[in-house]
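Copied over from TrEMBL:
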BINDING   Asn62, Gln63, Gly64, Gly65, Asp66, Gly131, Phe132, Ser133, Phe134, Ser135, Pro136, Pro137, Asp160  (6S)-NADPHX binding site
BINDING   Gln63, Asp127, Ser163  K(+) binding site
DOMAIN    11-228  domain 'YjeF N-terminal'
Amino acid sequence: MSIRYISQKLAQQIDEELMSASGAFSLDQLMELAGLSCAQALSKSYSVESHKRVMVACGPGNQGGDGLVAARHLHHFKYKPTIYLPKPGSKDIYKRLLKQCENLNIPVLKDVEEFKNELKESDVILDAIFGFSFSPPLREPFDQVLNAITSTTIPIVSVDIPSGWSVTEGPQPLYTEKDNTQTIKTFEPDVLVSLTAPKEGVRNFKGRHWLGGRFVPDDLAKKFELNIPEYTGVDQVVELPSAKQSSEQ
């Protein structure tokens with residue numbers, strides 16, 4: 001059976017069950033495993049020899065937390081990550097994740113112009129800005145950030161759902177908080193790392209597609225009929241067929 005693409009509502013329900021008394025996971029654990037999956041997927045897609053300089057663009061929520069964890073692991077994988085974090089999360093978990101990266105002397109940028117300039121010196125982007133709870137409008141400085149990512153020619157690796165996409169519909173026109181008539185084009189990443197299970201909005205994604213998050217209990221996967229493929233060896237990610245590959249079969 002093919003893997004199940006899940007809705008925003010089901011994704012939230014699975015997260016709640018994982019962190020319930022019966023699931024017994026903490027947010028720290030899930031974020032650590034998700035971030036490690038993202039770092040491994042990037043390393044399997046773009047080698048440290050050819051794509052050493054990684055720009056990790058982080059939002060203020062859980063998606064950004066995954067990015068901070070990934071940046072730390074990429075450092076240990078011998079990449080040279082730079083973090084862009086314009087609006088650090090206020091919760092203790094985000095502060096600790098950021099401190100862990102600072103302890104490794106990973107550069108952290110807050111200014112959007114610095115981000116744009118550093119992007120020109122990067123080999124690959126890890127997009128960890130918006131997750132499945134995002135809805136328009138775009139607030140500053142993220143309108144400039146998404147425009148810069150859309151305009152770049154270097155590869156983009158997105159975490160779970162490409163920033164700005166609808167979880168259910170996929171790419172969508174975006175508008176800014178200041179001007180709801182100004183549309184901003186959404187980008188299509190080269191690589192996607194779905195977490196737990198792929199979301200409905202990426203069903204037609206044509207790039208390289210990884211599934212990460214090797215922590216879903218067997219009973220939970222069976223309950224929601226996720227049809228998760230087998231992971232190999234000690235890998236934290238497994239490659240899924242892209243929409244392009246599926247259409248050619």
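Every residue gets a Cβ built from N, Cα and C, even glycine.
Worth saying up front: this structure is predicted, and the values here are computed from it rather than measured.
For Asp160 ((6S)-NADPHX binding site), other Cβ atoms within 10 Å of its Cβ number 29. For Asn62 ((6S)-NADPHX binding site), the Cβ neighbour count at a 10 Å cut-off comes to 24, with all displayed protein chains included.
Confidence for the domain 'YjeF N-terminal' (11-228), expressed as mean pLDDT, is 94. Of all the binding-site residues listed (Phe132, Phe134), Phe132 sits in the most crowded Cβ setting, with the most other Cβ atoms within 10 Å. Of the listed binding-site residues, namely Gly64, Pro136, the sparsest CB environment within 10 A is found at Pro136. A straight line from the CA of Asp160 ((6S)-NADPHX binding site) to the CA of Gln63 (K(+) binding site) spans 8 Å. Cβ-based neighbour count (10 Å, all protein chains) for Asp127 (K(+) binding site) stands at 30. For the binding site of (6S)-NADPHX, formed by Asn62, Gln63, Gly64, Gly65, Asp66, Gly131, Phe132, Ser133, Phe134, Ser135, Pro136, Pro137, Asp160 according to the record, the largest Cα to Cα distance is 23 Å, rounded to a whole number.
With Ser163 (K(+) binding site) as the anchor, the candidate binding-site residues are Gly64, Phe132, Pro136, and the one with the nearest CA is Phe132. The C-beta environment of Gln63 (K(+) binding site), restricted to residues of the same chain at least 6 apart in sequence and closer than 8 Å, consists of Ala128, Ile129, Phe130, Gly131, Val159, Asp160, Ser163. For the pair formed by Pro136 ((6S)-NADPHX binding site) and Asp127 (K(+) binding site), distance between Cα atoms is given as 17 Å, rounded to the nearest Å. Residues Gln63, Asp127, Ser163 make up the record's K(+) site, and a Cβ search at 8 Å around their centroid adds Ala57, Gly59, Gly67, Ala128, Ile129, Phe130, Gly131, Ser158, Val159, Asp160, Ile161, Pro162 from the same chain.
Same-chain residues at least 6 positions away in sequence with a Cβ under 8 Å from that of Asp66 ((6S)-NADPHX binding site) are, in sequence order, Met31, Ala34, Gly35, Cys38, Ala128, Val159, Asp160, Leu195.
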